[in-house]
């Protein structure tokens, strides 16, 4: 009864709240209003939602590593075609990353999330029915065009609901869930591909377990795409658009979730933030030209922050996305090599039998086999578990430290591990160091994004995150294409290059606030 009365009183007062500040009532800043709304159930649920959105993005790219080998006989895929399909997803992500960042800043975080997640799942359903290489290639490119949005938009969405002292921690928690996508795709693929059933639909079309993987990998995205429709836009975005009443309503919603109906939300008016872009008239915001959205990022100090964080993002994507993609095959070669047990890593990789294995371009010149070795699942599962564990550790540390010192520590550790890889000979130590470098690189991506959410203004935040992510994706594509050849021909130079990029990123951290 008391809760009901409290709710009625709160709703009635909400309807009568004056939009303009009056002398008797305080005008709150956004941070003050957010603190008054409290921290609790609302942010926890939103962390879960954002985490599943990040997982959906990871599943689309990492899941293809399981699907392509399993589908090579049905779709007549050689190594070059597999590379083209994997590259199509990354190309779609690169092409659309800036566009979705721009749309996130002018149309809203929630609107972009629900559209892109649901559309991506629709393309995954279509891809599960693909019957030849060209159809799958086009569908994977189209999926890449849309899946580029959730990984950055979800972080911005969650960050704007969290107070500054808990923002980095909650963003990192959401990425713990996202990193679990690696373990998710490995476990699901291990389970589904262990069966060998066949459903004949027509003479030219059959349904086999690998087709089901498209649907199961896309389930987290479908779930979040539906759930996000019932969640509000961030109050900070609404306030930046001049929609103060709607921003207050969302803040009251947060307050009710966190503190219940009995406690009154004592905020009546919000202070409008100074805008870098002239968007005081909300109707014009959707017609804003792309250049006007980009221009503030080319002015000091934003251009310094953007350049430094973009180079950092590219460096960790080279580590996590480049070395991570080659990691299972490299470890398989290390363990199957006939080299002496005390041989160093580069000596093993550059041995004649291993070099020949890596440079083979058509692995199915003999009888076609679509069976994946257990190592493929085990290595991916190990990486996913390590990434989640390191992210969880960093989340706990963020309750005591800010993002910058953790970025210093992680990048320094990853760079030194890259140097150490060339001086160890024990195969288990090589595997452990590779896992450590790749996992720490993946963790640092999250910390850099969390810092970007804090340092860029509301009106350009998503655009800045998208541009830095674009730089990272470019580094990932280049490293995916080149690392196989470079490790064979210039193993030491390649490892030193990766370590140098990571240590350069440590130095650039000084330029960030």
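Glycine too: its Cβ is placed from the backbone N, Cα and C atoms.
Heads up, TrEMBL stuff is auto-annotated, nobody curated it.
So that you can see what the record holds, here are the features copied from TrEMBL:
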- 44-71: transmembrane segment (TRANSMEM)
- 46-513: domain 'Major facilitator superfamily (MFS) profile' (DOMAIN)
- 83-100: transmembrane segment (TRANSMEM)
- 112-135: transmembrane segment (TRANSMEM)
- 141-159: transmembrane segment (TRANSMEM)
- 171-192: transmembrane segment (TRANSMEM)
- 212-231: transmembrane segment (TRANSMEM)
- 302-327: transmembrane segment (TRANSMEM)
- 377-398: transmembrane segment (TRANSMEM)
- 405-424: transmembrane segment (TRANSMEM)
- 430-451: transmembrane segment (TRANSMEM)
- 463-488: transmembrane segment (TRANSMEM)
- 494-512: transmembrane segment (TRANSMEM)
Recorded stretches the transmembrane segment (405-424) and the transmembrane segment (171-192) touching, at least 3 CB pairs under 8 Å: no
Segment proximity, the transmembrane segment (171-192) to the transmembrane segment (302-327), 3 or more C-beta pairs under 8 Å: no
Interface present between the transmembrane segment (44-71) and the transmembrane segment (212-231) (three or more C-beta pairs under 8 A): yes
Winner by Cβ pairs under 8 Å against the transmembrane segment (430-451), considering only 44-71, 171-192, 377-398, 463-488, 494-512: 377-398
